[in-house]
């Protein structure tokens, strides 16, 4: 038992050194951006869009639902919170679904839950059917929040893997804006019906996209894996090297079929698990859910027009998402979880994020936004409220908003991806629930202190990122995962 992992590491490391030599000699072109790759990514992202519309549904629908169905505040609050309960269930099932049915198969499952949930809400006349529909949306969201980033990471060429993965943050912004804007001019029933459109588009697209080549290879379907990889890279692309690298890595993993939950606690997997859980906890406990779910309350408390504030925040977040797409594969993951002490140096640094001098964790910017928020709500300054929220959303969108799931998907070895993904997803949804549940209590306790608390927690991530998080830009998944497991 002791020799097998060692031999496995030696073999994988030999492949890594060969790959590094190839890259040094200029052989790092891993194929063009093909139509099939774009279609596969877009189809997967319709699931993310559905998640965003579910999260944003309650804000525009609250008044109409409470008046039309005579719901009490407690009943509507429960309806809203059921999404998180369903999300926890979906998170617990996500890894097993992805391993058992494949990435594409898991999206079929989540799509079914999502469609059923929206239709139940749209035609509901009672609270119990509303809650069941919302619960089904939560299950779909819990599965999607794990499967989509894993799927995209496994199909995208390494040189653009970060940008393709970061699109999910832009899609989330667009979907929540869709719910807010469309829901402000139509009834909540029609909004629920409109929200089935992404489900229909995803359902149609799933017929035409390939399964993840890495999942196929992991399950011994090597020929199908090569066919899927060829479709993704294009018929004119030589996939021999990439296919051989995937096959070799999976063969080494097959020697020790370690996919049980207890395997996560073995020393060689500890870094991947700790980094995954740590980043997702920092993402949520830094106040992400508090800002997202209760932005209206924040603006109202400071006397800033709610509709104007939410609209500006949505536009800024969408703009920063596009900016993040441009730079995530140029500067790398670590530098985007960190910023320069001198911001000008970052802009003038060139294309290699490793040359950055004097970096600090990007969440220090969030600390600044927390100080803004502290000052704004201590003095009830509406403009400083807007500034604080926008600074927070900017730093979150470019950094901790989307990158943690990219890193989790890249770092986790295939043979523990199901178990580790489930654990990380449950951690994320549990932290999400904790922040969303406690925000109002903390906000009543101290409208300024709650943001100072979030900023302090965010600042604690400085040492964690610098000590634990590796750079993954421009490296194959097999190389990343072998290095992490050493």
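In case you wondered, yes, glycine gets a Cβ from its N, Cα and C as well.
TrEMBL: automatically predicted annotations, no manual curation.
Per TrEMBL, domain 'Major facilitator superfamily (MFS) profile' is recorded for 36-473.
According to TrEMBL, the transmembrane segment annotation covers 33-51 (among others). Below 8 angstroms of C-beta separation, residues 103, 107, 110-111, 114, 137, 140-141, 144-145, 147-148, 151-152, 155-157, 160, 164, 167-168, 171-172, 174-175, 178, 195, 198-199, 201-202, 205-206, 208-210, 231-234 of the same chain, each at least six residues beyond the ends of the transmembrane segment (33-51), sit close to that stretch.
With a cut-off of 8 Å between Cβ atoms, the residues of this chain six or more beyond the transmembrane segment (71-93) that come close are 54-55, 58, 62, 65, 110, 113, 127, 130-131, 134-146, 422, 425-426, 428-430, 432-433, 436-437. The transmembrane segment annotation in TrEMBL covers 71-93 (among others).
Residues or ranges marked as transmembrane segment in TrEMBL: 105-126 (among others).
Residues annotated as transmembrane segment in TrEMBL: 132-152 (among others). Beyond the transmembrane segment (132-152), the same-chain residues lying 6 or more positions past its ends with a Cβ under 8 Å from any Cβ of the stretch are 40-41, 44-45, 47-48, 50-51, 54-55, 79-80, 82-95, 97-98, 103-104, 106-107, 109-111, 113-114, 116-121, 124, 161, 164-165, 167-168, 212, 405-406, 408-409, 417, 421-422, 424-425, 428-429.
Summarising the annotation, TrEMBL assigns transmembrane segment to 164-186 (among others). When Cβ-Cβ distances below 8 Å are used as the criterion, the transmembrane segment (164-186) is approached by residues 41, 45, 48-53, 55-57, 59-61, 148-149, 152-153, 156, 194-195, 198, 310, 314, 317-318, 321-322, 324-325, 328, 397, 401-403, 405-406, 409 of the same chain, each at least six residues removed from its ends.
Cβ atoms under 8 Å from those of the transmembrane segment (192-209) belong to residues 36, 39-40, 42-44, 46-47, 49-50, 53-54, 57, 104, 107-108, 111, 114-115, 118-119, 121-122, 175, 179, 182, 186 of the same chain, restricted to positions at least 6 beyond its ends. The annotation transmembrane segment is assigned in TrEMBL to 192-209 (among others).
Panel annotation: around the transmembrane segment (272-296), residues 55, 59, 264-265, 306, 309-310, 313, 363, 366, 370, 389, 392-393, 396, 400-401, 403-405, 407-408, 411-413, 416, 420, 423-424, 427-428, 431-432, 434-436, 439-440, 443, 450-451, 454-455, 457-458, 460-461, 464-465, 468-470, 481, 484-485 of the same chain, lying at least six beyond its termini, place a Cβ under 8 Å from a Cβ of the stretch. Feature annotation from TrEMBL assigns transmembrane segment to 272-296 (among others).
Marked as transmembrane segment by TrEMBL: 308-328 (among others). Distant neighbours of the transmembrane segment (308-328): 162-163, 165-167, 169-170, 173-174, 176-177, 180, 295-296, 299, 336, 385-386, 389-390, 393-394, 397-398, 402-403, 406; these residues of the same chain sit at least 6 beyond its ends, with a Cβ under 8 Å from one of its Cβ atoms.
According to TrEMBL, the transmembrane segment annotation covers 386-407 (among others).
Positions annotated as transmembrane segment by TrEMBL: 442-466 (among others).
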